[in-house]
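> What Swiss-Prot lists as ATP binding site is S10, F11, H18, G89, L90, R91, E99, Y124, S125, F126, L127, S128, S129, S130, and the listing cites sequence analysis. Annotation comment: Swiss-Prot describes S10, K42, L74, R88 as substrate binding site. Per Swiss-Prot, the feature site 'Transition state stabilizer' maps to H18; the stated evidence is sequence analysis.
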Amino acid sequence: MASIAVCPGSFDPVTFGHLDIIRRGAKVFDKVYVCVLNNSSKKPLFTVEERCGLLREVTQDIPNVQVESFQGLLIDYAKSKQANVILRGLRAVSDFEYEMQGTSMNKVLDENIETFFMMTNNQYSFLSSSIVKEVAKYKGSVAELVPEAVEAALEKKFAKNERP
């Protein structure tokens, strides 16, 4: 049986921390679906389509990664892809507490889908999309935090005086 993972997130925008988890996950699993979720509790800077486009651009060199979007329950998306794993990145203990709730709910919805936690590399342990947007908003350099395509997209967004 092929190992198929779903790596969900809002990716607003995708950072080197996200890419670290995606790349490492692609070495562990036969197929990784990167699923851009529309989180109704967040006001995104980039549209779902823009986020998918950026993710496709920065993962095009990883043959077993496919980027898609989904609205609804993550567990339903995972089942539709015949995934047996949900791949999640952790930066700190606070991430674990949040992720534990989601994992427990997913187990109630489908006990056959496992959650696989992967710690980010230390150099990305502080990194979040929110931090990236805040730095970019005030014209700080995000070159060490995001791929070039994302940096350019952020510059374009904030040149229009759009706010995160």
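Quick reminder: no glycine exception, Cβ is built from N, Cα and C everywhere.
Map the listed features onto the structure and describe their local environment.
There are 13 other CB atoms within 10 A of the CB of S125 (ATP binding site), with all protein chains counted.
When secondary structure is read from DSSP and collapsed to three states, L74 (substrate binding site) falls in the helix class.
Cβ neighbour count for H18 (ATP binding site): 27 (other Cβ atoms within 10 Å of its Cβ, all protein chains included).
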> Can you tell which of the binding-site residues (K42, R88) has the fewest other C-beta atoms within 10 angstroms of its C-beta?
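With the binding-site residues K42, R88, fewest surrounding Cβ atoms within 10 Å: K42.
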> How many Å separate the Cα atoms of S10 (ATP binding site) and R88 (substrate binding site)?
12
> Quick one: Cα separation, H18 (ATP binding site) versus R88 (substrate binding site), in Å?
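A Cα-Cα distance of 10 Å.
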> Using DSSP reduced to three states, classify H18 (ATP binding site) as helix, strand or coil.
helix
> Counting only residues 6+ away in sequence within the same chain, which have a CB under 8 Å from the CB of L127 (ATP binding site)?
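Residues satisfying the criterion: T15, F16, G17, R91, T120, L145.
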